[in-house]
Amino acid sequence: WRVFAFYMILAANLSEQQALKQACPSCDASQLCNCSSMGLDFIPLGLTAKITVLNLAHNRIKHIRSQDLQQAVNLRALLLQSNQISSIDEDSFQSLAKLELLDLSNNSLAHVSPVWFGHLFSLQHLHLQGNSYRDLGESSPFSSLRNLSSLHLGNPRFSVIRQGNFEGIELLHELWIDGSNLIQYEQGSLKSIKNIDHMIINLKNSNIFSEIVRDLLHSVTWLEVTEITLPVEKKSLVENSTRPFRIQKLTFREAFFTDRTITQAIVLLKEITSLKELEGIDCALEGQGKWDTKEIARSGQSFVETVTIIKAVIQNFYLFFDLEGMESQITNLKGLTIASSNVFMVPCKLAKSFSSLLYLDFHDNLLANKRLDETICEGSWPSLQTLNLSQNSLKSLEQTAKCASRLPRLNNLDISQNNFGEIPDRCEWPKTLKYLNLSSTQIPEVTTCIPKTLEVLDVSANNLKEFGLQLPFLKELYLTKNQLKALPGATPIPNLVALSVRRNKLNSFSKEEFEGAQVGAVHLSLMECHRSLVVSLICVLVFLVILLLVAVGYKYHVVWYVRMTWAWLRAKRKPKRAPPKDVCYDAFVSYSENDSDWVENTMVRELEQACPPFRLCLHKRDFVPGKWIVDNIIDSIEKSRKTLFVLSEHFVQSEWCKYELDFSHFRLFDENNDAAILVLLEPIQSKAIPKRFCKLRKIMNTKTYLEWPAGEEQQQVFWENLKGALKS
């Protein structure tokens, strides 16, 4: 009984492993088991302790049972997103103490149970968003998850957050909540989390915004709010809160503002004295800039140092006011980015008020030279060190340089991707300028317009044919994607340490081109530096590939199979069966040379001496001398009424028998006729049949065969049956 029980358990395990292999072929010999998008309705059987990553995403799984994951004790990541899971047994994850990532997002869970996570002591990342639960229950489902680092939850039906829902969580790197239809938030619900590096919340209900912010003042470093429409009424964001606050960065993504609400937002955000960075991405403003600047000024000084606005949508942006009265609010600003937002001008009076600004990024806007003269007027941007005007509508390099010369501390200027088209001989630049980017500006050459104070110059993608400037302080030069045929001279740029000349028309270098200076870093492609070596390596690789193909072809008889296929194609063009007058034999005999004694001395004698006698075709006796063996095989099969296979252990080990079997299969079995006769000379175990004999396996499974018996009485019956088969 013990042996029987052990056998049953072993058989069950093998069956489960076979089922797993069929459901997830990638699970066969890997710790990573990828079963995604396989159309599975359940978690496959046979999961073992060797699996560390299990991906079951994008299937049709509806239920997770207790025993499904019981053996996967070393699982580190379990991905179940985008299924149809609506129920989970309470102890389904009980054995997964090492699990670090659990993704149950985009399923049909109507509730979240704390029992599911009770034994997930190592869990760091939990994704529950995109289900159908409306709340998290009366208590915290996450109280046992002491190592949790990121938590994603919420869905379009998620409507309530209660006190105690986040008890047990103290530190989070990221908290993501889809609260697009959140209608109730109990004050203090998020206060239990002591530290959150980054929180993203999708929030359309503006009345809840201030309550959430008040709970996060002392815990969140970066708060990101999406799809919100800010409220009009005043409601303090720091009411009854004590300083110091933790929040340093606030991002509004896809938010909607009006002139009135943006005024209110500026006033309220000043209360958060720790806020240093304000960001707006893909936001819309309905208005013309008629902000209540007096109310903004009365509310005191802003503590924000960096403002970033990307892809702002302002209807009728050309009617936008000049924001007069905002001067007092921007004096402490150190960084300003307004990109992809149709900016075409900054009033001179406002520009002069940016007294502390060090970094200004206006890339991908509508600045033209006429408006640039107003934007960078005398006395504007007095502290500016870095200016990015790339991807605008600047046309004159001379006028652009003249405007830049009004910036007494400018160190870095990016005016790439403007269409200057030409370059003058002389330009006026700031004396402090060290970094200049003129890439992709359509300039046909470089002239003395380029300032000699530069340490870094980028003139890539300009179709330059030569570079001969004298730049004594230059350390880095970027000449990629030009038409240079020779390297720039070393003497005019003695301090150069980095040179990029990729994608030019350089053919060779002379020794003189490198004399007079030490080049610390020359970035050339392998082909440019070692053309002969590269060509040699390619030739060697081609030779090795050809050699490998020849070796593989020899080992696996590729030439033979090509010739065999050609012969078969020629045979296919012949009539399916030879005319009756051309049929010369009753049967073509396919057998191994090791079985020739039985075939030639026993079977042939019995059949050819019968009354009436049978005519057999044997390769030793009846093949045409000098004729290719493949043609002999095909002709003999076509001139025979039957094909008789003498099967044995020697047969399945013979390559020649396999070729005959292949041809007979092409010609006979594909026609679905009964011209094949199988004689089993000795028992053959299925394991002994090589995989290359797939056709033999198929034939033996679909056709009846005759077995050669040991007893003389049974042998007489065998001969009668064989003769009957030959006559049929």
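Using the three backbone atoms N, Cα and C, a Cβ is placed for every residue, glycine included.
What TrEMBL says about a protein is an automatic prediction, not a curated fact.
Per TrEMBL, these features apply:
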SIGNAL    1-19  signal peptide
DISULFID  CYS27-CYS33  disulfide bond
DISULFID  CYS348-CYS377  disulfide bond
DISULFID  CYS427-CYS449  disulfide bond
TRANSMEM  533-554  transmembrane segment
DOMAIN    583-726  domain 'TIR'
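Taking the disulfide-bonded residues CYS27, CYS348 in turn and counting surrounding C-beta atoms within 10 angstroms, the largest count is reached at CYS27. When the Cα atoms are compared, CYS449 (disulfide bond) and CYS377 (disulfide bond) turn out to be 21 Å apart. Counting only residues at least six positions away in the same chain, the Cβ atoms of LEU397, GLU398, ALA401, LYS402, CYS449, ILE450, PRO451 sit under 8 Å from the Cβ of CYS427 (disulfide bond). For the pair CYS348 (disulfide bond) and CYS33 (disulfide bond), the C-alpha distance works out to 63 angstrom. Across the disulfide-bonded residues listed here (CYS33, CYS377), the residue whose Cβ sits among the most other Cβ atoms within 10 Å is CYS33. Every protein chain considered, the tally of other Cβ atoms within 10 Å of the Cβ of CYS449 (disulfide bond) stands at 19. A straight line from the CA of CYS377 (disulfide bond) to the CA of CYS33 (disulfide bond) spans 64 Å.
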